[in-house]
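**Student:** A single structure is presented below for examination.
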């Protein structure tokens, strides 16, 4: 680590930074000041522009306007190599390692120690890797391939990489999202020692306990704008949340009170070896049940299995008391289930097809006459649902890829709602969509529940879980570890269960 | 190792990690060794059986024929492996070979006294130009390599045909010095085969020991991550295509030296043999892993099958089927191994869950 700089001077500063992608303003007038020997937290809702900011610091995106300074001197980053040369290390939420290469090569890629004839000195590289791991206190083997490392270990490899080039600025984008409690502690110990060695650290997290435990100052962003920067000790969670959301949380979640009817969906002892085990729950007519938990807890895997996309090894799924055959999404659909998947670009939509085609994909057969799909029938059906969901689109025969994320999500919803499901499963229904559309999606879910649909919602956003759900099921490492009623559900109770530290099973 | 419900004491966890790490290398090592040793054993078995049927298969002339037969395929396979390691492919190598071979013939028709070195340089130069065109289209215009090189496969061949205009160059037109390069031996090994060995060793050394060589693997392993690492992905891919083109050009010169008789169809269809050799040799078709040594062994195996099947009195029809079966077996093996690794990782996670 470099020599300790004066605390108080900005090591890396951004001011007036602006960035647009096409018509979307990702960042507008953002400022940030990272000081040596300090952990600076950056918080904001999904879509607030944090990731774009990280990519600017990493040299991946060039800002449209604004300036960066390093130790007071202007800094221009034309690519990731520049950022590294300036001493900026970025650890992404999903570590970016090369799975086929060894851990040591991953750390030193492009900067391998050399010997005669500019050959790579593999012995020196291995030794230095071992030293780095010793400093971090992790017994990883330098020669093993990166493939198969846990996320936590991959992050430690990334940190070792940052150490190896004596990073002066360390940017960590939600590093703890997929870690267990022990792993988070280990990571924090490493981060604290880096801070003490004089590095400037930017820490992005959705977990407020971590933000307050680790950082000295907190910057809040909202809708691509800078909102505030304050010392951590002058803030509390409620203040930060209010600044992030910019309005009272209750307005965001227009949850109607509904009477839960009879049980529609029953899941008993569902097990997929190594992914989840013995998952059992019920969802009633008119109820919204949230499936909460950390990333990697197995929530998406459970809903994929119960819809029949993935196989399961044991257990059963019943709709209206009738057992579904496993591994057959068509059977699940026939029984009245609908699944709005997590990744709409990969799994929810055919990006190149038109909006109307996408919206009617689930009803190809009912809409067809003599096995042929008529354009008119398709269009009429698409029109009904896109109007009902207020999809903002130019023309229905435009490719769905031209829509914004929020409107794409509405098309996915339209596609499934048009099948009149009894059970609607939504996986991260509002990930990556703007606040306005979010509220519309929430209103829609609430309305559907009011009409008697059983809704099962997987969500990583706690406010959404707390705002929408009648009951919260919490998963931790492949098991259902808690069931919390709406009245008892708080950020704390859900988070404790999700991290496996509490919650009554 | 992401998951632990039981509170594990630290040394336990550390030990478990070290264990899994060691298992990782052992596994990685075994995969590597298994693949190259496996091909080597298959090759030895094939030679042994064929020699048992017909002892002349391994006579002095038989050995020479085997080595000469493999030479061109090995040179092309080394170039192809470098490209495939970056998660690209070069389908134009057969056409480049044809173009370079014909150019060599034309050169000697025009200048019967031209030095052999000049012929080699011209051949490589033509290949480099073709490779640069491929590389520029892939790296700058961002068109997938499969499409670009499929296009240039026809373009280069078309250029070759229009240039040749039906002309055939005969061995008699070639200077004796050049022809003798095709037949000369050094220490009992055909001179042409030594070219292949030299190319193989240089490429193997480069890919193992140089930063830019390792970056080719990184690009193939995860192109997006490579960009985030600041690796000049476009430039490296361009270079890989240029090298592949240059080696195809060299192969064209070797082809001219070996066969002497040339027309515009030289090397037609060889690109698929080359890709097959590389895949059989354990270079993952999606890049990131494998070695040029494996690719070269794959090439030797395929060309030896070509020579052995007639000796074994196998209907030539079956030769293609055997090559096809080998490719399927190689890919099947890859899938099975990958599935096993994934299963083991899943099993490991399950212990905690």
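Each Cβ is built from the backbone N, Cα and C atoms, and glycine gets one as well.
In case it helps, TrEMBL gives these features for our protein:
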{"type": "TRANSMEM", "residues": "B:37-54", "note": "transmembrane segment"}
{"type": "TRANSMEM", "residues": "B:66-85", "note": "transmembrane segment"}
{"type": "TRANSMEM", "residues": "B:91-109", "note": "transmembrane segment"}
{"type": "TRANSMEM", "residues": "B:116-141", "note": "transmembrane segment"}
{"type": "TRANSMEM", "residues": "B:187-207", "note": "transmembrane segment"}
{"type": "TRANSMEM", "residues": "B:237-258", "note": "transmembrane segment"}
{"type": "TRANSMEM", "residues": "B:264-285", "note": "transmembrane segment"}
{"type": "TRANSMEM", "residues": "B:292-311", "note": "transmembrane segment"}
{"type": "TRANSMEM", "residues": "B:317-338", "note": "transmembrane segment"}
**Student:** As a test: from B:37-54, B:91-109, B:264-285, pick the stretch that has the greatest number of Cβ pairs under 8 Å with the transmembrane segment (B:317-338).
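**Tutor:** The stretch I would name here is B:264-285.
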**Student:** Is it true that the transmembrane segment (B:187-207) and the transmembrane segment (B:37-54) have 3 or more Cβ pairs under 8 Å, skipping pairs fewer than 6 apart in sequence?
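**Tutor:** Between the transmembrane segment (B:187-207) and the transmembrane segment (B:37-54), contact is absent.
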**Student:** Would the transmembrane segment (B:91-109) and the transmembrane segment (B:264-285) count as touching if the test is at least 3 Cβ pairs under 8 Å, pairs 6 or more apart?
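**Tutor:** Between the transmembrane segment (B:91-109) and the transmembrane segment (B:264-285), contact is present.
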**Student:** Are there three or more C-beta pairs under 8 angstroms joining the transmembrane segment (B:292-311) and the transmembrane segment (B:37-54), sequence spacing 6 or more?
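**Tutor:** Stretch pair touches.
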**Student:** At a C-beta cut-off of under 8 Å, are there same-chain residues at least 6 beyond the transmembrane segment (B:116-141) that contact it? List them, or none.
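**Tutor:** Answer is 88, 90, 92, 95-96, 99-101, 103-104, 107-108, 148-149, 152, 156, 177-178, 181, 233-235, 237-250, 252-253, 256.
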